[in-house]
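Trainee: The structure is given below, and queries will be raised subsequently.
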Amino acid sequence: MSKDAVWVLFLVTSFQCLLLSAETHPAILLPNHYNRNTPVTCPAPNPNLYYQPVIGIVTHPGDGATGRLSNTTGASYIAASYVKFVEAAGARVVPLIYNEPTEKLFKKLELVNGVLFTGGWAKSGLYFETIGRIFKKALEKNDAGDHFPIYAICLGFELITMIVSKDNNILEEFCASNQASTLQFVENANIKGTLFQRFPPDLLKKLSTDCLVMQNHRYGISPGKLQGNHKLSSFFEILTTCEDEDDMVYVSTMRSRNYPVSAFQWHPEKNAFEWASSEIPHTKDAIQITQYAANFLVSEARKSINRPVAQEVRDNLIYNYSPTYCGKAGKGYDEVYIFAPV
Ligand SMILES: *[C@@H]1O[C@H](CO)[C@@H](O)[C@H](O)[C@H]1NC(C)=O
């Protein structure tokens, strides 16, 4: 065979191979192969959603480390896990410093697209009043046509239970300190429009069999007491319950019937971001719970119609403060942001 003949043979067989492989393995064309001459434009995927959402997190009295970091009167803190929770889902945080003048606090509330009430212990005084004012304002925003979500976690759950019932003695005592638990969905639980809606079916199932969520509370409310209180039962719908150490049943997740309000007696933020307690679940499933819970809050916040001035947002972001590592002692929170009074 001449050199040319070999070359032709090679070309023919290669072409046949190409044809064959095209038949069995169709080529995958990446989007930019379709039409190289059309300039690529990237409009917002959904012009009705806001892609710079900001969540306000209310600070809690103290330093979050029983005085190890600061004894300053009027100091307050946010455990950094709540900030990371929000950031991991694609939003930024503005701290809402609970003891700032109400006028200043409400100005900051105009910079955010949703709020988060953290865990803690304070159930009275200025802190309780501030949570009440912000909660009321948030509901008003929704009534006025904004979609303004609220996540109330642990103490936050307890405080909005007190606020909605208008009964500061509504809570009952439970033994659920520092323990992981399952979540039991109530009969006919309607998870449409809740954080659980987007859970993959197998993860949703595991919630009721595996200890995937962290509890750390001594108060709560039983399903019976909630249902027997008209103000609470007309506002909230129970999604899940849990049993404490003494087999007493408490409401562990609920949502508002008419507002984008979700309340967790458990801690969605801890699984991925807190390490001091060996009880905190850190399995792949547990981390996903944190991620799905964070994604739901931020996806709700993207529906907000609030479009604050960008510079005013930047001036008030949590990035104006530095977190402090307090987890070296092997207890409490790993990192906290501390806000000294001005
Ligand atoms: C705060 O006070 C406690 C008790 O007196 C003390 O042990 C701690 O070191 C103080 N913290 C700071 C940051 O000074």
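The backbone N, Cα and C atoms fix where each Cβ goes, glycine too.
Relevant sequence annotations retrieved from TrEMBL are reproduced here:
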ACT_SITE  Cys154  active site, nucleophile
ACT_SITE  His267  active site
ACT_SITE  His267  active site, proton donor
SIGNAL    1-22  signal peptide
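Please situate the listed features within the shown structure.
Mentor: DSSP assigns Cys154 (active site, nucleophile) to coil in the three-state reduction, placing it in neither a helix nor a strand. Around the Cβ of Cys154 (active site, nucleophile), 26 further Cβ atoms fall within 10 Å across all displayed protein chains.
The DSSP secondary structure for His267 (active site) is coil.
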Trainee: May I ask for the distance between Cys154 (active site, nucleophile) and His267 (active site), taken between their Cα atoms and rounded to an integer number of Å?
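Mentor: Just about 7 Å between their Cα atoms.
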Trainee: Suppose we draw a 10 Å sphere around the Cβ of His267 (active site). How many other Cβ atoms does it contain, all chains included?
Mentor: 26
